[in-house]
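Per TrEMBL, these features apply:
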REGION    52-88  region 'Disordered'
COMPBIAS  77-88  compositional bias 'Basic and acidic residues'
REPEAT    87-120  repeat 'TPR'
REPEAT    170-203  repeat 'TPR'
COILED    195-222  coiled coil
REPEAT    230-263  repeat 'TPR'
REPEAT    298-331  repeat 'TPR'
DOMAIN    354-408  domain 'STI1/HOP DP'
Amino acid sequence: MKDSKFMQRINALMGMSSAVGPLKEQMLVQLIQEDPRVLEAMAAAQGLLVTRGSDAQPPPAPAATPAAPTEASLPKAAEESSEQKQADKLKAEGNRLYKKRKFSEALEMYDKALERVPDDLTYHNNKCAVWMEMGEENYPKVLKTCEDLISQRYDINSRNPGGASFEKVAKVYLRMASVFEKQERFEEAIAMYNKALTEDNNKQTRNALREAERAKEKFEKARYVDPQKAEEHREKGNTFFKANDMVAAKQEYDEAIRRNPMDARLYSNRAAALTKLLAYPDALRDLDECLKLEPTFIKAYSRKGAAHFFMKEYHKALEAYDKGLALDKSNEECKKGKEQVLSKIMETQSNDVDEEQVQHAMADPEIQRMLHDPQVRLFLRTLEENPAEGQKAIQSDPRLREIVSKLVAAGIIRTR
């Protein structure tokens, strides 16, 4: 049961109940030709059905011994094997020429292979690969050829068992998917990948399907971009923001971002609305995106400082305001914001421990790294046992002084 190919064929056999007439017979023949164990499974299943019936039913008659091959059939089989080998050699030569981009010569080799074994999807599929490389004007021909091959799969397989195996049919579907992707017809490409998986479920095809789904999403987003409409939605959002309708403002900014995801202002605008809605982590994500697009956007730093302030992450608020002031030391929003933070830090040092502030600080990876630093751990122990020595250490080590300032701002170290 660990043989996935065999299980796929058994599943296909179980799913044939809806098929009727010659089609069902062709499908059954193909399954048995590709894996004789399918016939054994059918026999076993029929035996189970007999056992579950009346005890009076006689056991099934023994299968007839297959007739030995006649002398006349042996040369024919040998001849077919020889033709297949010659065709495969021609295909290999065609593949070599294809890799060297000698497309006309490669097509000639594949045609010669088809002269020897006309009923094999592989050689036809290889020709389709060459046509694709020769230019997009050949895409319709490739699709038509692939459709014809799939429609004839059972006839081909009856004339040449294995010539239209599940794996080979899957590769034809993959060829069609490749054409559709190049044409940016992603819905149809995804449909072809799914059909390929029903024929041959393998990791490579599953990965290709996921890539096509991602490409479709990216394509649709890019097609939706319209900077003019984005600006219209931004202005509507600003109107709602001024009217203190933050939910409506955010919705307009959402649409503006979908219309122009490369405009840094839009993320800053939405962050302002999210801050008013008390959604501080979401606001910070938008501000990070804004600064990724435009690192010198000072208003984003002032808004980031405010969001951290409201989350009682005063050390991060100070850092944000300082970055804004490094770009423009006269920026009033950053100056006032920093003053507010420093005042709050002094206030918290005078009051009881703020557990919420400490919890936020301890969740910060930077604070955790500081507290695990051997030098910092030694300093904290010294500060507790001998405060005067601790103060000397701060004065003599700029790095330690910066760390202690952050720990004080975070509420980890208290000065009183």
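Note that Cβ sites are derived from N, Cα and C of the backbone, with glycine treated the same way.
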**Study point:** Tertiary contacts of the repeat 'TPR' (230-263) (same chain, 6+ residues out, Cβ under 8 Å)
**Key:** 221, 224, 269-270, 272-274, 276-277, 293
Review point. So which residues does the coiled coil (195-222) touch in its own chain, when a touch means Cβ under 8 Å and the partner is 6 or more beyond its ends?
Key: 4-5, 8, 166-167, 169-171, 173-174, 177, 181, 184, 186-187, 189, 258, 261
Exercise for review: Quickly jot the same-chain residues contacting the repeat 'TPR' (298-331) by Cβ under 8 Å, restricted to those at least six beyond its ends, or write none.
Suggested key: 264, 267-268, 271-272, 275, 278, 280-281, 283-284, 287, 290-291, 337-338, 340-342, 344-345, 348, 354, 356-357, 360-361, 364, 367, 406-407, 409-411
Practice item. Could you tell me the mean pLDDT over the repeat 'TPR' (87-120), as a whole number? Key: 96
